[in-house]
Amino acid sequence: MAVAAAAMIGLPQAYLEGKEVKETSSLVTELCRHFYTQGWVSGTGGSITMKVHDASIPKPEQLIVMSPSGVQKERMQPEDMYILSANGSIISTPSPKPYPNKPPKCTDCAPLFMKAYEMRNAGAVIHSHGMESCLVTMLNPQAKEFRITHMEMIKGIQGHGYYDELVVPIIENTAYENELTDSLTKAIEAYPKATAVLVRNHGVYIWGDSWIHAKTQAECYHYLFDAAIKLHQLGLDAATPDHGPIRRTIHSQIKDSQYEREWPRRWIVLDIEGTTTPITFVTDVLFPYARENVGKHLNLTYHTAETQEDIKLLRAQVEEDLREGVTGAVPIPHADEGKEKVIAAMVSNVEAMIRADRKITALKELQGHIWRTGFECDELKAIVFEDVADALEKWHSSGIKVYIYSSGSRLAQKLLFGNTDYGDLRKYISGFFDTTIGNKKESRSYKEIKETLGVDDPAEIMFVTDVYQEAVAAKAAGLEAIISIRPGNAPLPENHGFKTVTSFSQI
């Protein structure tokens, strides 16, 4: 069977018996034994799969090694492994073993593993039945997500840092493993940043670019699940920055001269410019700093991966601008024309974009990297209105989760709130949204925020901004929109119909 199957996919039998496949099979065996000692694959449960790394074969076309089903994971041998083609077809089956061993069977997780390979270009996938991965889904039987923030091991999860909120989708268990395929697929689609999916009362699927990434993340996820369980036992909330007491129901009073009502507010989303921070700080301090230092920044960091990515993003934006006839856009030469020419064109485009106050991701990412240097060197200190720090602390202590939504990059937002004249305010903020989630003047962006937060009723989210068009978009998405009136803000249309505040103390 193995010879025929190998021939069908254009591989010689010798390859299936070669070094790469043998080493991968041995590694899967070794990891299964290790994870058995962790309690992740006991009682024949759980499973591991891994791509056969071969630099001569593109990753999507590499063979796959999968552990068998119903086998004592701590006693497995390399010859017990199944070998699959890149599309999931079995091309090598292990030989049967004498009684009391069961006939060989590929893991029931195979269809779910294939989804991680196909949809996330994974290099390895781990399915754990660790007790903490089961219990964490029971803390709130109605929850569709697991959330945790401000915990050290979050940094071990791809794309996350200490201040980020880690969100893992939870899907409902079924009687048979392969029946989870559709719900796992939907979860992977709905949570593009996630590298894991929890199955209620069952376990967790975790993937990574390689076996090292998958293993590292699995260890971090289990640590975080355990931390959340222990915090819950202490009556503390893992999803808030200071892990304060769990609050089951939160009610706040909104009062003004026109109405008074009780509103179960749990989420507040804040704009920055003209809402938490004076417009003049952005226009008179941040923008000039970026404009004056862009050339210096590009010269010093030109060969770094980060700056090369910034150049790539800006070049793509400029090409689009040139097609649309945007004023100030000039072509950015290819790298082989020399560093100096590339930087000169970059500077010219950045200056034009800043003058036009363009709200585009390519510019905002580069600005964030320039501002990072300014904050690190104490050349910049962020300014917030005097009522902001007290309000953030009050909302946080009340169990209300505060998020930021700004056209500035997430990095720039974190730098600003981490370096204010009132100290580091990030401890009061649960997360940050930027234009990668959508344009602030489009209602679908606010719908995406609602889905990301896992909120059923959008009216439970209050959005505060100084921009009328943003308030209109948020309201169209069902959010409670309030307009911030601050010194220097643009005038509002007459009869705009929105509640306004001049201070966060009025919220």
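FYI, residue positions are counted from 1 along the chain as it appears here.
Note: Cβ is positioned from N, Cα and C throughout, glycine not excepted.
According to Swiss-Prot:
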- His127, His129, His202: Zn(2+) binding site (BINDING)
- Glu152: active site, proton donor/acceptor (ACT_SITE)
- 268-507: region 'Enolase-phosphatase E1' (REGION)
- Ser406, Ser407, Lys440: substrate 2 binding site (BINDING)
Local backbone state of His202 (Zn(2+) binding site), from DSSP in three classes: coil
Neighbour-count leader, CB within 10 A, binding-site residues: His127, His129, His202, Lys440: His127
Neighbouring C-beta atoms (10 Å sphere around the C-beta of Ser406 (substrate 2 binding site)): 25
PLDDT averaged over every residue in the region 'Enolase-phosphatase E1' (268-507): 92
Proximal residue to Ser406 (substrate 2 binding site) among recorded positions His127, His129, Glu152, His202 (C-alpha distance): Glu152
Any further residue of that chain within 8 Å (Cβ to the Cβ centroid of His127, His129, His202) of the recorded Zn(2+) site: Gly45, Gly46, Ser128, Gly130, Ser133, Cys134, Val199, Gly203, Val204, Tyr205
Cβ contacts of Glu152 (active site, proton donor/acceptor) (under 8 Å, same chain, 6 or more positions away): Tyr162
Residues close to substrate 2 site centre defined by Ser406, Ser407, Lys440, Cβ within 8 Å: Asp271, Ile272, Glu273, Lys359, Tyr405, Gly408, Asp434, Thr435, Glu470
Neighbouring C-beta atoms (10 Å sphere around the C-beta of Ser407 (substrate 2 binding site)): 22
Where Glu152 (active site, proton donor/acceptor) falls in three-state DSSP terms: helix
